[in-house]
Structures are given as C-alpha cells and as structure tokens.
Amino acid sequence: MGQIIRWLVKLFLFWLLVFACNRMLFFVVNHVQVANFSFRELLLSFRYALPLDISTACYSMVIPFLLMLGGYMTGKHVLKQISLFVVLFFLFIHGSIAYGEAAVYTEWQSKLNYEALAHFRHPSEVFHTASWQLTFLFFGCTILLDAVYAWIYIRYVHIRTLHISNSIAHRVGIGLLSLVSIGFLLFTGIRGGWKRFPISESISYFSTHSMLNDAAVNPTWNLVRNLLSHYSHERYNPYHYFSDAEAHQIVDSLYAVPKDTIPTILTTSRPNIILIILESFTADGVNPVITPTLDSLIQQGIYFDSLYASGHVSDQGIPAILSAFPATSGVSVCDDPQMTVHLPGINEDLQRVGYHTGFLYGGQLDFGNLRAYAFNKHFDWVRDGHDLPASLPRGALGIPDGIIWKILLQQLQQTDTPFFYCWYTLSSHIPYDIPAPDTLQVSPYQIPFINSMHYTDAALGALLHATQHETWFKNTLWVLVADHSHESQFPRALEEKLRHRIPLIFAGEVISPQWRGIVMHRISSQLDIAATLLNQLHIPAHKRYPWSRNLFNPYTPEFADYNFFTGTGFVTPQGYVALLNNNPRYVMAEISDSSLIPAYIRLAHAIQQVAYDDFLKLKP
C-alpha cells in the first residue's frame, strides 16, 4: 500500500507542475499584456493559484486512485492500466482547456466559458475565425506538450509493477482503511479545507488587474463551474439581489423621464434608412487617421461619443441594436431561436408604415443563430455569403467589405422607397485577413485590427460616394453603430468603461442643417437606438422597447449599462463601477464621489436582475 501512497504524492505534485507550466504558457502567449506587470506580480499569480490547483488536482486523482486501489484489493492488474489511461485522458482535457483559454484570451480577454464553447456549434466558422497562429498554438501545444507531460508521467510517476500482498484479508483491510483516510484527504483538497463555505474562484483573486486574477484561476476548475452554473441558471435568475418588486422599482425610477420632449433632427418623417452595423468597432479607432470616412460623417452629421455597447459579442449586440434587448453575462437571447420570435424589431415597426427591409452580411449568418434572428424579425430580403455568387472573392470568414458593399448598392437600386436596410460588416473580425497591407502603425497594439477598421472605413467611403448619384440619396438617413467594442491601440482591462465605448453616427442630407456637426456627449446605451430612431419617425416606441430611451430628449437620464464575459458595468457622468459576477469583493471604480459607489452597485445589480428576468420570460 505504501507504493500507492507514494504514487499518489507524486501524482499530486505532477498535476501541480502541469498547471504551473500551463500558466506560464498563458503568460507567454499573452506577452503583450504581461509586459505591463512586474515579475513579483506574476509570481503572486502562481502563489494564489495554489488553492484551486490543489482542488483540481484532487478531483483529477479520485478516479485513478479508486482504480489503483481496486487493482490492489482484487489483485487485477488491468485496473492499474485503466488508471493510466484515465490520467492520460485527464491530461488531454486539462491541456486542451488551458491551451484553448490561452488562445481565446488574446482576443476576448476572458477565460474559457460556456459562451466561448457555444460557438463550436459551428466549428467551421470557429476555425475560419481563428488565425493560423492561434490554430497552430492550440494543436501544437495539445500534441507536443501533452506528449511531454505523458512521457513524464509514465517515466517518473506511474506504477510499472504493482506489488500485491498474497493475503486477501490483508489487502481488503488495508484497502478499506486507505479508502477512508485517503478519500478524506482528497475530499478536503477538493473542498478547499473545512471552512464554512467550500472553495470558490474568489480565493485566487489578489490583484486589481483582471488578467493576473484570470491567470490564477485554474482553467478546468473555472470551466466546469461555469458550465454547471450555466445549466443550473436555465430556469432561474442567478442575479437575484432584491425582491422582484424592489428590483423593478429601482429600474423604473432609473428610466423615469420627467418630460417627454422630442426635437426633430430630420427634414422628413419618412427617410430611407441604411443601418450599418460595424463589426467590433471601438470608439478609440474613430479618428481622421484610422477612420477618415467616419470622421467626415461626424463633421456633417451627429456623433454620440459616449455610447456604450450592451454586450460583448455579436449575437448580443445585434438584438441590442434592432430589438433594444439588453445583454446579460453568460447568455445570449439568440441561443434559442424560439426566444427571438417574441422580441420587437425596428424593421417590423417600419414595415407597418410601408418600409421595405433587408439584411446583408458577407459571412455566415448561421454563426450565433443570427440567420434565425433575421428571419424571425421578418426582414423582406436576407442574404449572407452563402447566398451570393461563388465567383466573388472571399476571405476566411466570407466576402470582404470592399466587395460586399457593391451587392448592397445593387439591391438598393432595385428596392422601392422608403427602405430600411442593414449591412452588417465583416472584415474587422479576427483573423482580419483583409485584401490590403497593414499600412497603419499607429500603435504597437492591435495592428491587424486597426488596419481592418481602416479597410472597412474605406469600403464605407466607396459606398457613400457611389450612392451620391442615386435618386434616393438626399432622402436617406445613414446610421452607423458597432455591434460591440474591441481592444484598441490603447491597452485596457476588459472591465474598464472605455473598453466598451462604441461609435454611433447619424448622417445624411436628411439631417436638419442646424444639427449637422453636433457631438452629443451624453452618456448613452446601444439600447437607445431603437427609441431614438423611431421617435424621429413619430412611431411609438416606449411600450415595445422599455429598455430604450430617446437620446434627443434633453430630459432623458444619462447612464449606460454594459456587460462582459464575467461581469457588468454601470456608467454615469460622475463615473462608473464594474463588478465581477463570481467575486462580489471585486469592484473597479472611477468616480468623482466615492460615496456613490454603493448606490451604483445597487443600480447595476437591479438592472442585471430585471434584464435576466426578461430573458427568462422569453423561454419557450
């Protein structure tokens, strides 16, 4: 039995070594962000990782221990061999999760979770999206590092020959005693000791820098907890901070408008509308160098420079724009097409007053169930890359923006007025394989992404120039907004408010002259587009879009709520707070009066609770 105990000790140390090496790989892959931290801070990440690493190691030892113990008690050596395959299987699982997380983090600054895995429902899209470097990283590490770990385990840890006593009574007695004692130790390690509450991610949090905390949280432990949490929240609200009545009272008072004044910014109440949804555009990139076309539109139109995205992925952002439905961390209303049937839609309201509608995307709308959303919202004309001629040039994800705008123009030339058409751009999505060189070097950070924004901006310029000769041009309102934000030339933490700031521009000759060139500094949300646009067309919006506010009403309260993979943020002119769902102690705040922080947290929690309640109400 001493042989098995020595094996368990070595197996325990082996798992801790594997987790530490995978953590080092995480830092190497994300070296750009790591450069901002001191060596001491990086070491602390390993120190604070130990409790969850120990818990994960103990989880990983239970089945191999039972098999090895069973082989000892029964004298069947085959169980020892099965335990070897179980360890190697766990090694593959731990490695795949860790390497996948390291790759995902370079783009999303988030740990691997249900939302990321949900995209694997369309594996071809995932592999087209990933750059060859990330693909090579994942498969290379999975094969090479796991092979090295497996060799170390077989060479130095695994029991080659299990020595078994000839006495059955001795084997059974020692085995049962070991089962109780070692089982107790493993359970203690899994639970994190014998404090009142079992271990949680919070124990690994030690820094104000989210990346260091993310590195300290064991990837496998986190993913399993996230998946269990997601499926347990399918039918109940995980953000239940108040009674239902109190939560709704808080949100209703926040949205209360003392006076409904609607200034008219348009020269007509029935303009044609071209809504351009800009993939991943960040407000950081809106300037004369990166986006000269957007900059020129700002000079001629209305620019909202303090607008925040509701969510952090496209299948949250598009319903936020077209349906004014708020994002919540961990879920997307598009996950279930039956839920989007019940959402309102701007295009449906416009169809009722005679508009012809369409939706165009150069990639695959199946990704994120956006095809189902577009058809559930009853667009008259829906096309994506699959529907367009195979002869058109294509990149990894689909038809580049520099080509697809011509398809949009051709369709608009055949469409009766008034029309409402959405063009969802593509080229500023990873892997940024634009048919143009990376000529802009405005920063050492995010060079491919910045150049993809520049490329899409040039496509917008070409479209605008080509439409100037159309009969409907002077009666057309252009609305340009991002689906969500992205890391920019300015490195920011995922929870920072400026990381979620996106552009919103109203432009076109239908803008009244006195409104042209105005920059609206009011704190506002992506959710507010629906009410703002429909009110200009004298179409009632309040009842159908309760989460949307008219941004041209000077009495509209100034605030915005944004959501990211692991938390939420709340912004007002006085500052903001950002909260993590799995660590109530963590609060990022930048606010003029620190005494307001508890009130802001209360407001953020109330919005989370009511928004998730609305999400659950859509469940079939």
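Using N, Cα and C of the backbone, Cβ positions are placed for all residues, glycine too.
Residues or ranges marked as transmembrane segment in TrEMBL: 7-28, 48-70, 82-100, 130-154, 174-194. Residues or ranges marked as domain 'Sulfatase N-terminal' by TrEMBL: 271-538. As annotated by TrEMBL, Mn(2+) binding site applies to E279, D483, H484. What TrEMBL lists as active site is S314. Taken from TrEMBL, the feature substrate binding site covers H429.
Using a 10 Å Cβ-Cβ cutoff, D483 (Mn(2+) binding site) registers 27 neighbours.
The transmembrane segment (48-70) makes contact with the transmembrane segment (174-194): 3 or more of their CB pairs lie within 8 A, with pairs spaced 6 or more apart in sequence. Taking Cβ pairs closer than 8 Å, the transmembrane segment (7-28) reaches residues 34, 42, 45-46, 49-50, 53-54, 56-58, 60-61, 64-65, 68, 87, 91, 94-95, 98-99, 101-102, 105, 141, 145, 149, 152-153, 156-159, 182, 215-216, 218-219 in its own chain, all 6 or more past its ends. Non-local neighbours of the transmembrane segment (82-100) in the same chain are 11, 15, 18-19, 22, 25-26, 56, 60, 63-65, 67-68, 71, 112, 137-138, 141-142, 145-146, 149-150, 153-154, 158, 219-220, 223; each lies 6+ residues outside the stretch with a CB under 8 Å from one of its CB atoms. Following the DSSP three-state reduction, the secondary structure of D483 (Mn(2+) binding site) is coil. Those residues of the chain, other than E279, D483, H484, with a C-beta within 8 angstroms of the mean position of the Mn(2+) site C-beta atoms are I277, L278, S280, F281, A309, V313, S314, G317, I318, H429, A482, S485, H486. In this model, the domain 'Sulfatase N-terminal' (271-538) carries an average pLDDT of 95. The residue listed as 'active site' has a Cβ environment of 23 other Cβ atoms inside 10 Å.
Its own atom aside, the Cβ of H429 (substrate binding site) has 25 Cβ atoms within 10 angstroms in the protein chains shown.
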